Every structure is written in structure tokens, then in C-alpha cells.
Amino acid sequence: MADRLIVRGAREHNLKNVSLDLPRDSLIVFTGLSGSGKSSLAFDTIFAEGQRRYVESLSSYARQFLGQMDKPDVDFIEGLSPAVSIDQKSTSRNPRSTVGTITEVYDYLRLLFARIGKPHCPECGRPISRQSPQAIVDKVLELPEGSRFQVLSPLVRERKGEFVDLFADLQTKGYSRARVDGETVQLSNPPTLKKQEKHTIEVVVDRLTVKDSAKRRLTDSVETALGLSGGMVVLDFVDLPEDDPERERMYSEHLYCPYDDLSFEELEPRSFSFNSPFGACPDCSGIGTRMEVDAELIVPDEDKSLDEGAIHPWSHGHTKDYFGRLIGALADALGFRTDIPFAGLPLRARKALLYGHKTQVEVRYRNRYGRERRYTTAFEGAIPFVKRRHSEAESDASRERFEGYMREVPCPTCQGTRLKPLVLAVTVMGKSIAEVSAMSISDCADFLGELTLNARDKKIAERVLKEVNERLRFLVDVGLDYLSLNRAAGTLSGGEAQRIRLATQIGSGLVGVLYVLDEPSIGLHQRDNHRLIETLVRLRDMGNTLIVVEHDEDTIKVADWIVDIGPGAGEHGGKVVHSGSVKELLDNAESQTGLYLSGRKAIPLPDIRRPQDPSRRLTVHGARENNLQDIDVSFPLGVFTAVTGVSGSGKSTLVNDILYTHLARELNGARNVPGRHTRVDGDDLVDKVVHVDQSPIGRTPRSNPATYTGVFDHIRKLFAETTEAKVRGYLPGRFSFNVKGGRCENCAGDGTIKIEMNFLPDVYVPCEVCHGARYNRETLEVHYKGKSIADVLNMPIEEATDFFEAVPAISRHMKTLKDVGLGYVRLGQSATTLSGGEAQRVKLASELQRRSTGRTVYVLDEPTTGLHFEDISKLLTVLGGLVDKGNTVIVIEHNLDVIKTADWVVDMGPEGGAGGGLVVAEGTPEQVAGVPASHTGKFLRDVLGADRVSDAAPVTRPRKAAKTVAAKAAAKKTATKTVTGTAAKKATATRTAKTAVKKAAKPAAKKTTRTSKA
């Protein structure tokens, strides 16, 4: 097999006739500025061709079902393996998706429980089982020889009636005896039963003695009894005393509980699926949650008194006085005060206020003429009131208002397990499938590893357990051991979702495959990075080729081969600047990546941190959503704050689910319900909140930077204001390519026409009428400063910034797009061709161009996703500009370059999942670096340098920590001849990344030296 992957003449997107030779069975990292062409080469050329060739090998019939792959614009590629891609797609937001279903572990667990699970009765908890007639006979013949018994067929169990016809029918069939309510009777003289009482009737099929010669007769009798009763037989051992539990033995062909008279259908794997009607809880249809009124949202702040409006739905609007009088009447009736905090009220009073009061209360009030009036009325209670008004609401606005007091709570029927009671009563080693799914992945792996099974079950479960354990092991390896299998996919952070997909793909254990990965380190803390790198290295050692598009320093240093694409982005990129080893990259003066890695260029440390005003802060009190452990956290206003911590420590929950959602609700009137917390102080000091998250922008070909940021509306208005447009009577709508009027109708404003080729890829050709301009001839005759609307859409943003300089509404948008580093992107460039990093910056620009008031809070979730060192530098300049105007920027981030430039750091942890949810450290980066318990602090110490840490932290412990680092550095100095003294600190930090260390020590050293000097 070829030992190289050869690419010749790649011209996809902005690639400029790129030719490359890559080693196979290696870890290859593609790096370069955002938008330089890394993804175009890795995904749109190499992966697309590998995938297309595999699909081409199938029959034309199969191909038409598979979605066609476009042939990339490349001359040829040699040495290509079947390709698997793991890209930056957002996770499924489907409420039915869980970690277990995405990773397919749950599918194997369903199979395991269906085949070796022990069913129990959901009512009484006794084991239930089924037996064939032969198995029943074999069990009976194992009993002591000579035991006498009678074979009974239960026909009626605890049912009302006289059953005259049944007795007559049995007699005609030749049966002579029956047992009615425990008494044996002759059918020739049947008893007269009371119609209104419940009766049990069993017909005596045969009377036998245990001996081998009776085997055939016993089998016939058992089969007859099973046939009569529909699958049940009772054996009554007459020699045993009446009260002996062994006297009667009941056997069933089906799953049946004789004690509760419940019979159950066969257990199949689908019975354990909450996405199937056979297994889903009938009340919540397998979702596991229901919308219920939450008392915490009714009384958000228990420190307020009733007079101050503690009961939120009753403290607003024109009904405020009415409810005030009603509460006063209840206070008189129950004898409590309304001027003390709600938390201090007696339990009886709080219960009555929330859930209602049985007896009527007397309300007294003065009407507008000053006369006192009184009436008696029922006191409904705040929770029933919200429930009733929500169900009676006729308008969406009214319904949404009351939904603001409701929260998703676990379904009361299934307790949030999503499954039917019978399914939950099936156990393996005493645990139900719901209990196994609720364990953390590491506990689940231990539980399945310690299963003790009998020989039969072992043989059945062997293969299933092997598959499950493989998948679980891999999830543990990529640092997701704290997640549980029943965790909803929608609640995962970006990094968790990405690594779950990685685990799913790599768990298959294929060899000789080309894996193309897009930034697998997103959302991963430096502490966990080495585990991911070890996984990638192990995957390579199995005999696979890995192409990783990555900006992470550690990953770049471990790579066998680096391809740096650039030198700039967009039209200024698309060339291979470097293809070779890390060492050669560091010496390459043209490569931006090389300049940063070697330390010749660095993101500087700020000389001083912006001062904080203790009176101006946002403080979240009592945060306890997800894994947060009732914490109070402060965010100083007017500074740049970074929220850090290992993956799954509760950063997104605190910032996105609680702080941002609360501010959006208070300031923007949003309807979303914030996560559980007591209150937020300081929200009166800000007047606007803006959020930029990781979700992609609209991925339709009609969406582009101009339409997404809203600047296109201003451009269309400007064209409609030109003399020519006014003469022709054109309105702004004439200049839209999405509506009839000004667009070319041949291609409906797309500029291209899709030609369907059935089982070959669809071909897109430029429209022969407008030649790709999207507009009709008349519209294109309108010019502004000599350019038509199509010319403007085709302009790079940096050119458009100068072109529209005189129009403030447009130039503001253009300047922001240019500032975030998108000057090379064309205004009308389709959103589908933007890289992940570019799409996020378009989103950022559309938020940043809004006029800042100086009292705005910007919340950004991992803004460095997909960004190169150079791009991060530009981003920090933009964010710094916002803070200098008095605004507040809060970022959730793992990137040390961003954290070291922050004014304030809130470090969450100490671990992920149940081991997190606390604030480990808060303060300036220097102070956090001095906290031994902080994982982030440990890595910050190496970036900042020991001298800065000791200066900033007034506590003794940080000084001690700093001394230790300095001592280690000194010790290393003697051993390292080629590198300067401070270099060794980086080597100490990277020691954790076991595989990384050997290749990385020297380059790492250089970088740190320069950074600390800067």
C-alpha cells in the first residue's frame, strides 16, 4: 500500500492549486489562520474525495439513497483510505437524545436487560418467570418420589359472578372436580355462588404421584391445564400442611404475577426503549419531564416580605391591590404578619399562600367613596392560580407569561426515568436499567465489569458486555467519566458533545482508516488535553492516518507532520506555507503559527489590570442548577472577566443558564426561565445584555454576512435613495435577491442552477441569464458610486469599508466586521462556505456593532473556537475596546492567552460533574495562579512567570507555590544546556501530557521564555 497521501492541484474554495505529500499512518495537524483554507483542504477536498470514492464503489441503486457527494475541485489524490469525519456540528437538541443513545451504549444495555434481566412484579416486587410445559414437568420430577399432587387449571381469579355456565361447560368437557375459593367441589353438584362477591375457580385436571413412569401423563395434564387457563397451571401438593408456602406452586407460560393477577408481555429490547410505545412511560411519553409550576419561581426571593411583593405573580400590574387585600385577609384569618421576610413565616401560612386555604376568608376594603365593604371568598393559592390561568390562557403572550413560573420537573409517574413500571422492575444484579443509566460512566464501567453471572447468562451476555465496556472505556479515556448515560444531549457543553462523537467513532476500533477531526480540543481544559492527545496517538498507533485541524499548542507539538496554510485568510491564504516537522515550522519566518510557537510573536500580558469598583458588581446568590452547589459568585462590572474550570465544572450553567438568562429576562423581557438560584444583585447597574454562543449561523446558501448582520437592509435603502432608483420608482425590496421583483427569476436569485444527475452528484452551473449576478438587468442598471448592487455583494469587506465610509449606518457594521478579522470575506459570500471560526465572528460582529451604552454586559461562550493565535490577538483588541468604553465582558474560556489578559478570573471546579460546581478561586490571573487547588492556576503559573504570581498574591500559600515553581525551574536549568532558565517551567507543566512531553519540551521552552519577557 502507498506510504504517502498525495494531493495535486486542489482548488476548492480559496485554495490556490495546492499540491501536498502527506505521510500515512501519522498524526498530521493542519493549522493556519481562521479562513486560510485548512477545512477546505482537510474536509472539502481530502475527506470529501475519500467519502465519494467509497460511495462510488456501491451500486447506482444504493447511491441514490445516500445523498450525493460533490467531486472536489482537485486534479487527483493518491493513497486515500476510506474516510471518517468528526466535525464541529452542534449536538442534537432533541429532548429524546441522551448520552446513552448517542454513543449506542444504551442500545446494548437494552439488549442485555432483555436477554438476561430478571423480571419482577412492579406491584409486589416478587420475581416472575415463564416456563415451557417440559420445564414444568422436569421441575416436578426433581421432587421426592411418591409426593402426591393435583394439577389445577386456574380459570377465574378474584372475579365477581355466579359462573353457572362455566360449571356446566366444564362438566360437558368431562371434568368431575373443581376447587372453588379453596374448597374442592363435585361438578355434578356445583355450588351456588354469590353474585356480588369475588371468587377463584380452578378445575382439577388430574391427580398424580411423582414418579418417572408418570412423565408422559404429567406432560399431557400440564399442557391441558395450560391450554384451559391460557398459560397458567397450579400444582397442589396435598400431603403438605395447608399453611406451608410450598404447598401450592404456580407456573406460567407467560410473565405473570399470580399474587397480583398481573400478566406481562414478552420482554424485547424495544421494551426498554423510552422512544418506543412499548417501553415509554405512558404519562410523559418517554420525555421524563413535565411542565409544573415551581414554588421557587413564585417566590424568587424569600428575604422579601409579602408587603414588598414576595409572591411574584401577585406583585405586578393592576391586580396588585386586589391580591394585597386577599393576602391581608388570609393574614387575619391565620394570624401572621405581612411585613417580615417570607422565609420567616410559619409553615402553615406559607403552605396556604402557595397551595390555597380550605376555609373562606373575609376581605375588607374601602371603595372609592370611602365606604368600607366586606365579602367572603375562597383563597386559591399562588400555585393553583398560575396553573389555572395558564390552562385558561387564550393568547400566546398570556400563556408565555404564566409559563415563566413553570419549570420542567421529573415526571411524577416514572420519577424521570422515562420508562414503564414493568420495565423498571427488570433487574441485573439487583439494578434496573434506569439505575445503571443514572450512574456516572466510570461507575457504570465498574458495575458491568464486576457482573457475576451463571454459565447460561454469561454466554448470552459475553458479546454485549464486550461492546459496552469498549465504548465506556473510550468515554473514560476522552475525559467524560463524570457524565451519566441518562444525561440529556441538549445539556452537554460543546466540548463534551464533540468528544462523545469522537468516542463513538473511535470506539469502533477500525484500522487503516483516514480520520479527519475538526478541533477535538474545543472546550477541553489543559488538564484533560493530554488524555485526548494520548487517545489520538493510540488511534494512530493502531494503523490509522489522522488529519486534525487544530490551533492547540500541545496537539501541534505532538504531531508527526504539520501543514501550515496561509499566509493570510480568505483570498490572502490558500497556499501551503509549511509542510514538515514541528522543528522546521519553528524556523519558518513566513508562518504565523511558527512565529507564535517559537515565541518571536506573542499575545502580550497587560501591564496593569483594570481596577474594580467593589460597589459595582453582579452577584449571583444561591446558584444550584445542575451540579452547582448553592454558591454565591460575583462578577465585577466594567472589566474583562474570564470564567474558567475543567470541562463539566459548571461554567456554562452559571454564566449561560443563570446569569445571562436572568439578565435577558430582566432587561430584554425574554421569557426563558433561569436556572435555580436565589437572586441576582446589581442587575440595576446594567441596561443591556448581549450573548454570543457556539451555535452556527444560518447555514442556507441565501444567508451571508450582509444579511446576517443586517447591513444589507441599509445598503438596499441606500440604493433605493439613488436618483436612478427614484426615477424608476424602485423601493428597497427591489434590491433583495429573496423576493420577486428585482431578482433574476431564472435562478430565483441564487446565481446558480442545480442540475440533478440522479445517481451522480448534482451539478451547479452559473445561471445563463444573469451569469451569477442574482439580479435582473433593470436592477443592475442602478448604480451607487459607479457600482451595482451585485458589485457591492462581491466586494471584500475591507474594500466595502472604504467604499461606504461616508454612510455611518453602513460603515459601523463594516468596521466591526473588519475589526474581528473578517476583512477578506466578501459581503455576499454564502454562509455555507464560511468556516466555523468565521461564522462565529460574523455573529460576534453583528452583536458588537450595536451601539454600546457603556452599561452593556457581553457574554461570550468560548469565542476562541476555530481561531488562530493571530485571530485571538485581534479578538482581544475588540473585546478590550468594549471594556474601555465601560462595558462588561464575561467569557467562558480555556485558552490561556485569553485568561492571562483578563482583569478578573472565576475558576470553577475542582472537577467535572458531581465533583464540580464550586468556585475554587477568584481574583486577578496572578491571584488565581497562586491557588494550589486550582487546575487553571497551575497552568497560569507557567504562562505568567513566578515573579508575577508572588507579586500579586498577598497570601502566604501562593508565595510558597511560586517559590516551588522557581526552585523547579532552577533545578531544570542545570540539566538544560540549549535553553534559558525560565524555559524549564513549561517542561514542568507539560509533564502531565505524557506522550506530548518528549517531542514538546524544547519548542515549549522557547515560547514561554519570550512570553514571560513580553
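Heads up, the Cβ atoms here are built off N, Cα and C, so glycines get one too.
Residues or ranges marked as ATP binding site by Swiss-Prot on the basis of sequence analysis: 32-39, 645-652. As annotated by Swiss-Prot, domain 'ABC transporter 1' applies to 314-592, with the evidence given as sequence analysis. Per Swiss-Prot, domain 'ABC transporter 2' is recorded for 612-941. Sequence annotations record features per position, and here Swiss-Prot assigns zinc finger to 744-770 based on sequence analysis. Under the heading region 'Disordered', Swiss-Prot lists 976-1014. According to Swiss-Prot, the compositional bias 'Low complexity' annotation covers 976-995. As annotated by Swiss-Prot, compositional bias 'Basic residues' applies to 996-1014.
Here the features listed in Swiss-Prot are placed on the structure.
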{"residue": "G32", "record": "ATP binding site", "Cβ within 10 Å": "30"}
{"residue": "S34", "record": "ATP binding site", "Cβ within 10 Å": "30"}
{"residue": "S36", "record": "ATP binding site", "Cβ within 10 Å": "31"}
{"residue": "K38", "record": "ATP binding site", "Cβ within 10 Å": "29"}
{"residue": "G645", "record": "ATP binding site", "Cβ within 10 Å": "30"}
{"residue": "S647", "record": "ATP binding site", "Cβ within 10 Å": "28"}
{"residue": "S649", "record": "ATP binding site", "Cβ within 10 Å": "31"}
{"residue": "K651", "record": "ATP binding site", "Cβ within 10 Å": "26"}
K651 (ATP binding site) in three-state DSSP notation: helix
Per-region confidence, the domain 'ABC transporter 2' (612-941) (mean pLDDT, whole number): 92
For G645 (ATP binding site): DSSP state (helix, strand, coil): strand
